[in-house]
Amino acid sequence: MTQRFLEPGELVAATHNKGKVKELKALFEPLGFVVRSAIELDLEEPEETEDSFTGNAILKAKAAALATGRPALSDDSGLAVTALDGAPGIYSARWAGEPRDFYAAMEKVRSELEAKSATDYSARFVCALAIVWPDGHEEVFEGDVKGHLEFPPRGDRGFGYDPIFVAEGETITFGEMDPDRKHAMSHRADAFNKLKAVLKTDKV
Ligand SMILES: O=c1nc[nH]c2c1ncn2[C@H]1C[C@H](O)[C@@H](COP(=O)(O)OP(=O)(O)OP(=O)(O)O)O1
Ligand SMILES: [Mg+2]
């Protein structure tokens with residue numbers, strides 16, 4: 001399939017995560033997109049049945065594009081810990097249970113590292129951003145940010161696993177970091193920088 005460009009206009013953010021909605025708005029609104037989230041539109045949350053970030057990103061965007069008849073943007077992301085063979089990975093949200101408790105999920109990461117007597121605390125955040133059009137055309141981009149984990153968790157400025165993640169070259173966690181600074185270096189920003197290639201806007 002040939003690459004397709006996305007025209008500025010209304011864009012459905014196929015996510016129910018308020019932290020992501022905030023970050024996706026910060027990335028797309030300056031470029032002239034009006035972002036409406038799946039929360040505002042009261043869309044159903046599809047089951048994430050694929051075995052990769054890109055697969056789940058496409059699945060979520062496709063469901064929202066079909067439900068709304070509009071191009072939809074999704075984000076599938078997670079924390080991949082080297083010593084845990086990439087876990088929690090695509091299960092990052094599911095490790096937090098229902099209702100989501102990321103302090104419990106961060107504690108699970110810590111206890112699994114301790115159980116393995118791990119000395120390697122390196123980790124990365126991964127993000128797949130997908131755009132799917134109502135006719136089924138899809139574009140997907142993957143980004144990451146490398147770093148390491150520190151315990152106990154610090155900072156309440158981000159979401160999810162941010163309080164234990166320290167990016168390469170930094171000393172503070174994503175939870176302690178100014179949100180604009182996180183946006184400039186995150187896995188989401190990395191994927192977004194690749195996705196810019198399909199945005200039809202002179203503001204890029
Ligand atoms: O920048 C981040 N800072 C901290 N934690 C993060 C980040 N990015 C993803 N994460 C973690 C938490 C999130 O809950 C999970 C993704 O799971 P994921 O299924 O993609 O998202 P979700 O279920 O929260 O919302 P939705 O599927 O409606 O987009 O990984
Ligand atoms: Mg999810």
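Glycine is treated like the rest: Cβ placed from N, Cα and C.
Predicted automatically and left uncurated, TrEMBL annotations should be read as such.
Residues or ranges marked as active site, proton acceptor in TrEMBL: Asp76. The substrate binding site annotation in TrEMBL covers Thr15, His16, Asn17, Lys18, Gly19, Lys20, Ser77, Phe159, Gly160, Tyr161, Asp162, Lys182, His187, Arg188. Sequence annotations record features per position, and here TrEMBL assigns Mg(2+) binding site to Glu47, Asp76.
What TrEMBL annotates, mapped onto the structure for a quick look.
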residue	record	DSSP (3 states)
Thr15	substrate binding site	coil
Glu47	Mg(2+) binding site	coil
Asp76	active site, proton acceptor	strand
Gly160	substrate binding site	coil
His187	substrate binding site	helix
Among Gly19, Asp76, Ser77, Gly160, Asp162, which are recorded as recorded positions, the nearest neighbour of Glu47 (Mg(2+) binding site) by Cα: Asp76
Residue among the binding-site residues Gly19, Gly160 whose Cβ has the most other Cβ atoms within 10 Å: Gly160
Residue among recorded positions Glu47, Asp76, Asp162 with least C-beta crowding, 10 angstrom cut-off: Glu47
Rounded Cα separation (Å) that holds between Gly19 (substrate binding site) and the residue listed as 'active site, proton acceptor': 13
Least buried by Cβ count (within 10 Å) of the binding-site residues Thr15, Asn17, Ser77, His187: Asn17
Substrate site span - longest C-alpha distance across Thr15, His16, Asn17, Lys18, Gly19, Lys20, Ser77, Phe159, Gly160, Tyr161, Asp162, Lys182, His187, Arg188, in Å: 20
Inter-residue Cα distance where the pair is the residue listed as 'active site, proton acceptor' and His187 (substrate binding site), in Å: 11
Length of the line joining the Cα atoms of the residue listed as 'active site, proton acceptor' and Gly160 (substrate binding site), in Å: 13
